[in-house]
Amino acid sequence: MPVERMRMRPWLEEQINSNTIPGLKWLNKEKKIFQIPWMHAARHGWDVEKDAPLFRNWAIHTGKHQPGIDKPDPKTWKANFRCAMNSLPDIEEVKDRSIKKGNNAFRVYRMLPLSERPSKKGKKPKTEKEERVKHIKQEPVESSLGLSNGVSDLSPEYAVLASTIKTEVDSTVNIIVVGQSHLDSNIEDQEIVTNPPDICQVVEVTTESDDQPVSMSELYPLQISPVSSYAESETTDSVPSDEEGAEGRPHWRKRNFEGKQFLSNMGTRSTYLLPSMATFVTSNKPDLQVTIKEESCPMPYNSSWPPFTDLSLPAPVTPTPSSSRPDRETRASVIKKTSDITQSRVKSC
């Protein structure tokens, strides 16, 4: 709990009336004007008992200094006393009568009556504050009420219809229709659109026709592939016809190989189109075809394969200068044979 003590103004009046402090006196007791000795501690002839007893008494009164225990500190006493005097609202300094320099420096103060006391700084009457707060609070409330129904400039007649508003929800737009229960038939129905529809952006994709020439420097345009014929056949014609079945069946033929007869279907198969390639090629490009060639020497299916050692693979021909030598040798042998034949004919004759 804080120590109860006398306030500064009555305590100061008591110190002045005691006449125990030299230099502290009334200049005009009726107007409550008094002076306080204010000599600087650095001045020659300054004395604690003569120039600082008032400041020491205030430090003792406030509990900042205890005689015999604390070390004397006149500068701190004077600073605390000056701060306390400046904080009082009912005491002001008479600066035109004060002398702050010299050995006889002093300050003159005046105690103000209740009628002249100014109001505390930073505080305003409660009435003004309350009016401001009410004014600020009412503005947003009124604005929200005006905009809640969608239209702010409606006549008082429409205010009655606030309870009769019915909401109809469409598939795309929410529309509020005001009823006609309390108005005459002359007033037309009003529709207030609360949620307008969103604006959609339409994007068109165009493709170039096949007839237009396309340069190699340009990028390929967006092309839509035609429907696959294979897919159409799967969806439309699920059951093949007799002709298609006949075309798809292999034709077996009898063949002889090394005195053995066997059936072979080689060479009878027709060419087929890849069913799924129709979706990847356009009309101006040839379709990709797959053909099956007939083997030159087919083998029967029931015969065994010859050993790999008997198979002689032709050696790869490398273009070297020595490749022309066999041709020269064969030519020389032919010439030699012809010469031998001619000689034999000559001898026989």
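Glycine is no exception: its Cβ is also placed from the backbone N, Cα and C atoms.
In Swiss-Prot this protein carries:
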- 5-113: DNA-binding region (DNA_BIND)
- LYS75: N6-acetyllysine (MOD_RES)
- LYS78: N6-acetyllysine (MOD_RES)
- LYS137: SUMO2 cross-link (CROSSLNK)
- LYS137: SUMO cross-link (CROSSLNK)
- LYS166: SUMO cross-link (CROSSLNK)
- SER225: phosphoserine (MOD_RES)
- 228-254: region 'Disordered' (REGION)
- 228-239: compositional bias 'Polar residues' (COMPBIAS)
- LYS260: SUMO2 cross-link (CROSSLNK)
- LYS293: SUMO cross-link (CROSSLNK)
- 301-349: region 'Disordered' (REGION)
- 340-349: compositional bias 'Polar residues' (COMPBIAS)
Across the DNA-binding region (5-113), average pLDDT on the 0 to 100 scale: 87
Composition by DSSP (helix, strand, coil) of residues within the DNA-binding region (5-113): 42 helix, 19 strand, 48 coil
